[in-house]
Structures are given as structure tokens and as C-alpha cells.
Amino acid sequence: MASERTFIAIKPDGVQRGLIGEILGRFERKGFKLVGLKQLTPSRELAEQHYGVHKERPFFAGLVDFITSGPVVAMVWEGDGVIASARKLIGATKPLEAEPGTIRGDLAINIGRNVIHGSDAPETAQFEIGLWFQASELSDWTPSDQGWRTEG
């Protein structure tokens, strides 16, 4: 499987609850490479663009209000199959349906405060990475243990 990138965001509830290290650690232990990281409080414009697919849904305003309510940790992770694997690490959108061992299964109980966002497809990842990061904010590097992470 070819290396790909995904966008992951720790939402304001995850930041406020002190879960940044726990979540970062899960991605690092899995073997993915962090290529972009920043903390910011998103503007309404950024939030509306990010959640644009939900613009006509009744919960859109609540999503925008929540994601702009405090700091978010925005990240770009890279690795073989990272998009699908990250979705498995994150767990179901509704935390009460998320499996134990997943981020949401272990750390969240309410859909409106589900701690983390992850891109769901390559096209979404590309859009979200471009929305949240400038190309100059992403690092292209090779971990010293790369040979121990993947074959070939």
C-alpha cells in the first residue's frame, strides 16, 4: 500500500480535557509519521469551510460554534494506509457505538463532544490538509527507524 497523508484534529473538548498527549501517542505507537502540527482556535470562516458538506443540515451551526469555541490541535499524519487506519483508531462517530480500544470508545461518550476528527477519504484528506495547512508548514522527513516500521 502506498504512503498517504490524512488530516486529524483534536477538537476543543479533547484539548480542554488534556488528551493531546494520549491521542498523539496512539498515532505514534501505530507507526505513523507526524508531518504537520499546530494549535489554533479556528475562525468561523475556516470552520464553515471545513464543515461545508453539512451546510444544509440542522446541526451545522452547532458544529461551527463548537469547533470555534476553543483551541484545536490540527495534525497531518503520513503512512501506508493512514486514512483507513486512522478511522479505525478513532472509532465510530457516535462514541457509545465506538469499540473499546478506539479513541472515541475510550475517551468520549457524546456525539457532540467526540474528541477528534479524521479525514474519511483521500479526497477529503487532501481538501482538509490544504484548508488547515500551508505547504510550508508540512515537514518531509524520514524517521531514523523507518526500516523497522514498514517492509521494502
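Cβ atoms here come from the backbone N, Cα and C positions, even for glycine.
So that you can see what the record holds, here are the features copied from Swiss-Prot:
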type: BINDING; residues: LYS11, PHE59, ARG87, THR93, ARG104, ASN114; note: ATP binding site
type: ACT_SITE; residues: HIS117; note: active site, pros-phosphohistidine intermediate
Sparsest-packed of the listed recorded positions (LYS11, ARG87, ARG104, HIS117) - C-beta count within 10 angstroms: ARG87
Those binding-site residues listed as THR93, ASN114, and which of them has the most Cβ atoms within 10 Å of its own Cβ: ASN114
Secondary structure at ARG87 (ATP binding site), reduced by DSSP to three states: helix
Cβ neighbour count (within 10 Å, all chains shown) around PHE59 (ATP binding site): 12
Pairwise CA distance, PHE59 (ATP binding site) versus HIS117 (active site, pros-phosphohistidine intermediate), rounded so that it is a whole Å: 16
DSSP three-state assignment for ARG104 (ATP binding site): helix
Greatest inter-residue Cα distance in Å for the ATP-binding set LYS11, PHE59, ARG87, THR93, ARG104, ASN114: 22
Rounded to the nearest Å - Cα separation of the residue listed as 'active site, pros-phosphohistidine intermediate' and THR93 (ATP binding site): 9
Secondary structure at PHE59 (ATP binding site), reduced by DSSP to three states: coil
Helix, strand or coil at ASN114 (ATP binding site) [DSSP, three-state]: coil
